[in-house]
Amino acid sequence: MVFSHWRVYALFLDLDNPTANSKSCYARKFITSFPYIVSSSTYVLFSLTAAILVKISADVIATRCASPTAQPDLKVVYFAAGSGIAEVKTILGGFVIRKFLGIQTLIVKIIGSTLAVSSGLNCGKEGPFVHIACCVGNILCRIFSKFNKNEGKRREILSASAAAGVAVAFAAPIGGVLFSLEEVSYYFPIKTMIRSFFSALIAAMTLKLLNPFGNGKIAMFQVSYDRDWHWFEMAGFLLCGLFGGFFGAIFSKLNIRWQHVRKTTWLGRHPVAEVVVIMVITVLVSYWNPFARLDKLPPLKYGEIVGIAKLSLKLHNLDADLQFKNCMNTNDRMGLTEFVMNLFAECTSTNDNEGLCATTISAIYPRLNLLAATLVIKVILIIFTFGLRIPAGIFLPSLAVGAIFGRMVGLGMQYLTMRFPDLELFARCGSEMAAEGECVIPGVYAMVGAAASLAGVTRTTVSLVVIMFELTGALTYLLVR
């Protein structure tokens, strides 16, 4: 059925008139921002749902008092909040935390972490994966009396479960075993290591069969660089390492200080409202920065919408409507994982990695400015986000911060090689610059910076190197990291 009086909002509001009144100008701004508003509202709803689930699953416990006659203080314990790695480490150390590895916590952790990561908050899923795997291992122990009645055997299962969780999160079975040995477990005999490796291997094989990325690969940030690194690049790698340690120290101090301040504020007493406030701030702050935005589409120009609206009005058929829907589509979002993937990637003639590549000296400056602004935004948001009462980890945000700084260092090295090509230091770059147009790969610095930043935050060394190798597949740069 064709409606003779059918009109499009863009034309109804007179958006194609450059001399329109102020009301039309406000309407124009609203229409161009409408896709981001809709998607951001969805992300806020996701984070709100995750916070509500965590609050529902919380429990109230009574703390001990100094005097036997005094009333005990009541404290709310959020079993599904945070990454859960610290609590798992405490349990493996011999303490008992009831309900922390139960069925209810497992269900809330799975749903909540999915919603929290999907919302676009600066949080990761890797820590919750370890908690989820340990919940599964603890529940399975209840089936067999051999493990259910023996706490030592149960902790061996939990150590293997932690290794499997890391193996699934990073697609790194060997790194998962080493992480369980280095970071989580207190008692790790040879037999537990063998069982942990078997568990992590089965987890990685299952991930391979499920094929979550649709390309037959399990490496989250699969990269391949066609050139080796030069010795003069060690200065850039050293700078990335220094930043990783500095960021780890600053993040730990500021986050701990914020945790103390949070307890005395209204937001600290209302965790659900705090999640919504942080999510709204994240959405608003990220809108103007294309590298920090929660979707991949740049802000639409009103002329583009008006042009498509006129075409739709003129043709008045399904094809034009589909073009308009494609223009307004926000499903192609760039989350934290996709952003880190683009930071790691090598620039090619057919792919500029969402605007991260620079082929001329003049193109380096705006990218450095945007990356610097993104770095400041991410660091501030991560400090306030980590500690919210939602299932969230710190691994991926730490990777993102280090990758951003590393990419900036890589662009700086690229600038030096392009600005001073005749220096003796860059003598080996002459043939590569002539053949391929660049001597250094900024993505390499992003990868090294990500590893350094994660090491500074988590204080892990050996397992982190292996995890990064399995995560990216870049064996050439294993020694540098």
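Including glycine, each Cβ sits where the backbone N, Cα and C put it.
What TrEMBL records for 34-54 (among others) is transmembrane segment.
If you look up TrEMBL, you'll see 100-121 (among others) marked as transmembrane segment.
Distant neighbours of the transmembrane segment (127-145): 82-85, 87-88, 91, 101-103, 105-106, 109-110, 112-113, 153-154, 157-158, 160-162, 164-166, 168-169, 184, 203, 391-395; these residues of the same chain sit at least 6 beyond its ends, with a Cβ under 8 Å from one of its Cβ atoms. Residues or ranges marked as transmembrane segment by TrEMBL: 127-145 (among others).
Using a Cβ-Cβ cut-off under 8 Å and counting only residues 6 or more beyond its ends in the same chain, the transmembrane segment (157-181) has close neighbours at 88, 91-92, 101, 125-126, 129-134, 136-138, 140-141, 147, 188, 192-193, 195-204, 206-207, 218-220, 395, 460, 462-464, 466-467, 469-471. Positions annotated as transmembrane segment by TrEMBL: 157-181 (among others).
Residues 133, 156, 159-168, 171-174, 176-177, 180-181, 218 of the same chain, all 6+ positions outside the transmembrane segment (193-210), place their C-beta atoms under 8 angstroms from a C-beta of that stretch. Feature annotation from TrEMBL assigns transmembrane segment to 193-210 (among others).
Long-range contacts of the transmembrane segment (231-251) within its own chain (CB-CB distance under 8 A, at least 6 residues past either end) are made by residues 379, 382-383, 398, 401-402, 405-406, 409-410, 412-413, 425-426, 440, 444-445, 448-449, 451-459, 480. What TrEMBL records for 231-251 (among others) is transmembrane segment.
Summarising the annotation, TrEMBL assigns transmembrane segment to 271-291 (among others).
If you look up TrEMBL, you'll see 368-388 (among others) marked as transmembrane segment.
Sequence annotations record features per position, and here TrEMBL assigns transmembrane segment to 394-418 (among others). Away from its own ends, the transmembrane segment (394-418) comes close to residues 83, 122-127, 169, 233, 236, 239-240, 243-244, 247, 251, 291, 336-337, 339-340, 343-344, 356, 358, 360-361, 364, 367-368, 371-372, 374-375, 378-379, 382, 385-386, 426, 429, 433, 438-454, 456-458 of its chain (Cβ-Cβ under 8 Å, at least six residues beyond either end).
Marked as transmembrane segment by TrEMBL: 462-480 (among others).
Long-range neighbours of the transmembrane segment (368-388) within the same chain, counting only residues 6 or more positions beyond its ends whose Cβ lies under 8 Å from a Cβ of the stretch, are 51, 81-82, 121-123, 247, 251, 254-255, 258-259, 262, 271, 274-275, 278, 281-282, 285-286, 289-292, 394, 397-398, 400-401, 404-405, 407-408, 411-412.
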